[in-house]
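First the structure, in the form of structure tokens, and then the observations on it.
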Amino acid sequence: MNGRSYEVRTFGCQMNVHDSERLCGLLESAGYSPVDPGGEADVVVFNTCAVRENADNRLYGNLGQLVPVKKGHPGMQIAVGGCLAQKDRAAILDRAPWVDVVFGTHNLHRLPVLLERARHNAAAQVEIAEALEVFPSSLPTRRASHHSAWVSISVGCDNTCTFCIVPSLRGRERDRRPGDVLAEVEALVAEGALEITLLGQNVNSYGRSLGDPGAFAKLLAACGRVDGLERVRFTSPHPRDFTDDVIEAMATTSNVCHQLHMPLQSGSDTVLRRMRRSYRRDRFLGIVERVRAAMPDAAITTDIIVGFPGETEADFADTLDVVRAARFSGAFTFQYSPRPGTPAATMDAQVDRATVADRYTRLVALQDEISWAENRALVGRRVEVLVSEGEGRKDGATGRMSGRARDGRLVHFRADEAASSSTGSGPRAGGAAPAVAVAVAPTVRPGDVVETVVTRAAPHHLTADGPLRSHRATRAGDAWALGRDGDGGGAAAAQQPADGRPIVTLGIPSLRPSSPDPVGPASADAASAGADACCTPVRR
């Protein structure tokens with residue numbers, strides 16, 4: 001240990017969240033330790049997003065708040081990485097000269113060296129690589145959750161959407177070999193993970209660089225053969241590349257969740273053409289129809305941008321029509337904002353802000369109405385919930401706990417009544433496996449699995465205020481308790497050091513004590529969260 005503490009602050013999408021896990025692993029491998037809650041870190045790292053305009057504002061606002069902190073904290077260092085750093089480079093120092101290190105998306109592994117060099121030379125260090133130097137999955141990683149984990153299957157993107165700057169910042173798509181992906185999945189499950197999310201900018205194009213265009217469906221099926229892996233999710237697919245073999249794999253692989261997040265972006269063929277999205281509304285709705293035919297209980301969510309340059313009222317009406325037809329369980333909705341360096345930023349017919357805001361309000365109102373109706377249909381249904389921490393912001397006040405159903409819906413439930421060990425006979429939602437008689441543990445913990453009955457619905461969540469129908473303690477729950485209390489047990493305990501914090505390993509990463517669950521999309525409006533408009537925002 002070098003005696004210095006660190007904090008990583010993450011803006012943006014799941015890619016950034018997973019990269020931040022790697023930054024934590026790199027720093028801890030270099031001897032840094034996480035700052036204590038409420039403490040003042042010696043090193044603050046910002047992992048930035050460049051997709052939306054307010055991403056810049058959030059970064060520089062946060063950097064400004066650290067000026068007096070740094071003046072009163074001798075030796076403190078500030079580093080800025082991620083997509084905005086890759087884009088703006090040394091210009092960050094022009095706006096925030098108190099920053100010590102700027103690094104990009106292709107050289108995460110250089111952070112500890114750059115911090116040490118900046119300290120030794122007493123001068124800011126800017127190092128931006130033009131291409132990926134080390135595949136990120138080979139880096140040390142400190143996972144954010146004991147029970148859920150991201151697993152990258154590719155990095156970069158070969159699409160050329162006119163509103164998106166990500167390909168120029170993340171590079172062209174590079175795929176991991178299926179054997180490497182499965183080795184990581186198996187290692188995570190051996191440590192107690194119950195759920196993994198396969199991660200890529202466009203998971204449906206996975207395998208092309210390996211000479212196997214059908215590799216993604218095969219990978220899903222292979223995940224179904226991993227003993228102990230209970231839930232498999234993926235994000236994000238692209239409608240252009242979405243094929244029926246993936247639908248079949250989702251429907252026939254028992255641990256693949258019946259949840260699909262598929263970005264629509266617009267329901268107007270004219271706007272989709274200007275966006276260079278390479279599909280049209282009929283193809284999108286055809287995929288939705290085939291998914292629902294194969295999996296009637298599937299929860300389908302999406303991303304939608306309103307106010308794209310040239311969007312007319314008729315174009316917007318087409319989007320509303322698709323939303324009504326698709327009946328999404330939730331949508332991440334965005335007001336278009338031009339990003340320098342993208343073709344859309346210089347297009348004619350930019351839509352005025354008042355019109356964009358009006359359309360956004362109307363879209364959100366329609367989607368909330370649909371989400372609420374879809375959720376009300378689940379009242380009285382039995383759901384299996386993987387318990388998490390940080391999902392329910394009001395859990396402390398309401399006395400509830402929270403987690404995700406198999407279809408990705410957020411469920412707030414009461415855990416203060418004894419769970420029954422009987423199997424029950426009520427209907428189940430989200431494709432949950434039938435309950436079996438279990439020994440009920442006295443305390444429900446993040447990482448455990450419960451079954452409960454939905455008693456109330458809201459547009460963005462379900463509530464279950466009745467007694468639990470079952471509760472299954474898991475090794476992930478044991479590990480959470482160990483990290484919180486310094487005790488615990490089970491096989492998970494054997495993989496923890498004496499202080500209850502999991503180790504950081506190279507290549508096959510380790511899990512981390514409690515932190516907000518990285519599970520993917522559900523009904524929410526994320527426009528104010530500085531989120532990515534082409535990959536699903538993550539809740540923090």
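Cβ atoms here come from the backbone N, Cα and C positions, even for glycine.
According to Swiss-Prot, the protein carries these features:
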DOMAIN    4-120  domain 'MTTase N-terminal'
BINDING   C13, C49, C83  [4Fe-4S] cluster 1 binding site
DOMAIN    143-374  domain 'Radical SAM core'
BINDING   C157, C161, C164  [4Fe-4S] cluster 2 binding site
DOMAIN    376-468  domain 'TRAM'
REGION    480-540  region 'Disordered'
COMPBIAS  492-502  compositional bias 'Low complexity'
COMPBIAS  520-533  compositional bias 'Low complexity'
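Rounded to a whole number, the distance between the Cα atoms of C157 ([4Fe-4S] cluster 2 binding site) and C49 ([4Fe-4S] cluster 1 binding site) is 16 Å. Neighbour counts of Cβ atoms within 10 Å were taken for the binding-site residues C13, C49, C157, C161, C164; the minimum is at C161.
Assigned with DSSP, the residues of the domain 'MTTase N-terminal' (4-120) fall into helix, strand and coil as follows: 59 helix, 24 strand, 34 coil. Mean model confidence of the domain 'Radical SAM core' (143-374) amounts to 96 (pLDDT, 0 to 100 scale). Close to C83 ([4Fe-4S] cluster 1 binding site) in the fold, though at least 6 residues off in sequence, lie G12, N16, T48, C49, A50, V51, T105, I165, V166, L169, R170, each with a CB less than 8 Å from its CB.
Residue pair C161 ([4Fe-4S] cluster 2 binding site) / C13 ([4Fe-4S] cluster 1 binding site) shows a Cα separation of 17 Å.
C13 ([4Fe-4S] cluster 1 binding site) sits 13 Å from C164 ([4Fe-4S] cluster 2 binding site), taking the Cα positions as reference.
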